[in-house]
Amino acid sequence: MDRLIKLDPSNIVLIRVEEGQKCLGKITLNNVMYTMPVAFRIQPLIKTRYTIKPQSGIISPLASLVIEITYHPPQQQGSNNLPHSFPFSDDSFLLHSVLAPGAAIKEPSSMFDSVPSDWFTTKKKQVFIDSAIKVMFVGSQILTQLVEDGNSMDDIREVLEKSDPLWESVNSKDSQGQTLLHLAISKTRPDLVQLILEFKPDIEAINSVGSTPLEAASSSGESLIVELLLAHKANTEGSESSVFRPIHHASREGHMEILRLLLLKGARVDSLTKDGNTSLHLAVEEKRRDCARLLLANGARTDVRNMREGDTPLHIAAANGDENMVKLLLHKGATKYVRNKLGKTAFDVAAENGHSRLFDALRLGDNLCAAARKGEVRTIQKVLESGGVINGRDQNGWTSLHRAAFKGRMDAVRFLVEKGIDLDAKDEDGYTALHCAAESGHADVTEFLVKKGADVEARTNKGVSALQIVESLNYVGITRILVNGGASREGLGEKPPSAPSKIPFGRKVESGSVMTMKKKMSSRTRALRGSFDHSMPLAVL
């Protein structure tokens, strides 16, 4: 026989450490003797740290007794009152047990802490001494400190596994309101996050500032942690109490991979912050061009005005003097004439901040193109003198020369060419000003451009030359001008690519020269610009 008492459920006593609560653990002593009572005594080696109730007693044959072990944390000023070693304590306990034949036990409690100490001296009896009792500290304070330290994954796992499920230890918070997930994220530890997620924490629990774990990870740029949280069904919209949602954090901080993950998981691209900013506002404010581009590709609206100033993203880009961001927003359809709560357009904001390089894109380019379209040479001159860019383009690649040539404004064409405008600039479909003049039937403009050195062999993206266009329209005079100017007739017998079935870019065809041109068209299949003119450019880049 090597022992008289069996420890249940094991030799490890779990003592739960919680702020403001008694640190208490329990262990059951089972008398394994069938016929005789057993006397016991438990003593901690460091008696000031623990109180044991009962410390001694007599257990009837095959009976059990629950022992309470209370831990007294250190009471030091400025200390976190954690045990000196955890989760497994270095402290030792001695369990003495001895047979007590003939002991009369009328009421078991009457024998608690009343067993004479000399019963446990080996001089009188055979005393069994067991030092197997060990203390393991569990609870919120232990777990949060283990995660904060991050040194032992095994210890964290063991504490979580041994904790009573009713305690919900996996949702423990530290004194600052940080959950285990928040702490692991702050330590940039995806391995810890993975471990904690195995125990099914409240994945939407907020910390003291109202942020969910996903919001915290999105802000800190931890893409792997974000991916883990999303895989465990974290809400992409975050908490209603927080100022920023996950998509706002990612956009503001420039975390492209996280932004992409959130959008793939259905995050609302135009969700608002507490002050009414969208993710696009934040990306523009912080000059996160890649994030802005991704948001726009996913349908972000460019016309949303925030709550405080009533600014659109374009207002913010203009205030920052961010030329590339302005061009990006305009290319994606931002309206430049929206006014904020102070009645200012993006141009006004750029002007008051001294960002003159934005003037062309935000207003002067429009004025230049409008003047060219109308043939107003004086206005063209004033715009250029005010800083307008002569080779400025709108979002479809049109220059003022394209407009003037298409409308047949000879004086405007001549003035622009004399000022050095690019004769052979192409729009995004590959049309030059010569294509425009030829297609719209303006022989004088066509001849002038040819004489000034315009490339008569220039072809659109579909391989169509100006000569092919006028041949298909039976413009004999313009055909002669182009041929005399050096245009090759080679390949004219081939069928040119068919025209698009609808107007590209949603632009409006004017009823003047274009409708007249359509009446002159032959029945042959042809490739025509057909939609070159429009009343107001959306952007000049």
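For all residues, glycine too, the Cβ spot is worked out from N, Cα and C.
Keep in mind it's a predicted model, so treat the numbers as computed, not measured.
Per Swiss-Prot, the features are:
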type	residues	note
DOMAIN	4-138	domain 'MSP'
REPEAT	176-205	repeat 'ANK 1'
REPEAT	209-238	repeat 'ANK 2'
REPEAT	242-271	repeat 'ANK 3'
REPEAT	275-304	repeat 'ANK 4'
REPEAT	309-338	repeat 'ANK 5'
REPEAT	342-372	repeat 'ANK 6'
REPEAT	374-392	repeat 'ANK 7'
REPEAT	396-425	repeat 'ANK 8'
REPEAT	429-458	repeat 'ANK 9'
REPEAT	462-491	repeat 'ANK 10'
With DSSP as the reference, give the number of residues of the repeat 'ANK 4' (275-304) in helix, strand and coil.
16 helix, 0 strand, 14 coil
Do any residues of this chain, six or more beyond the ends of the repeat 'ANK 6' (342-372), have a C-beta under 8 angstroms from a C-beta of it, and if so which?
309-312, 314-315, 317-319, 321, 323, 326-327, 330, 336, 379-380, 383-384, 386-390, 392, 394, 398-401, 403-404, 409, 412, 416, 536-537, 539-541
Taken over the repeat 'ANK 3' (242-271), the model's mean pLDDT:
96
Using DSSP, what is the helix/strand/coil residue split across the repeat 'ANK 1' (176-205)?
16 helix, 1 strand, 13 coil
Quick one: DSSP breakdown of the repeat 'ANK 5' (309-338) into helix, strand and coil?
17 helix, 0 strand, 13 coil
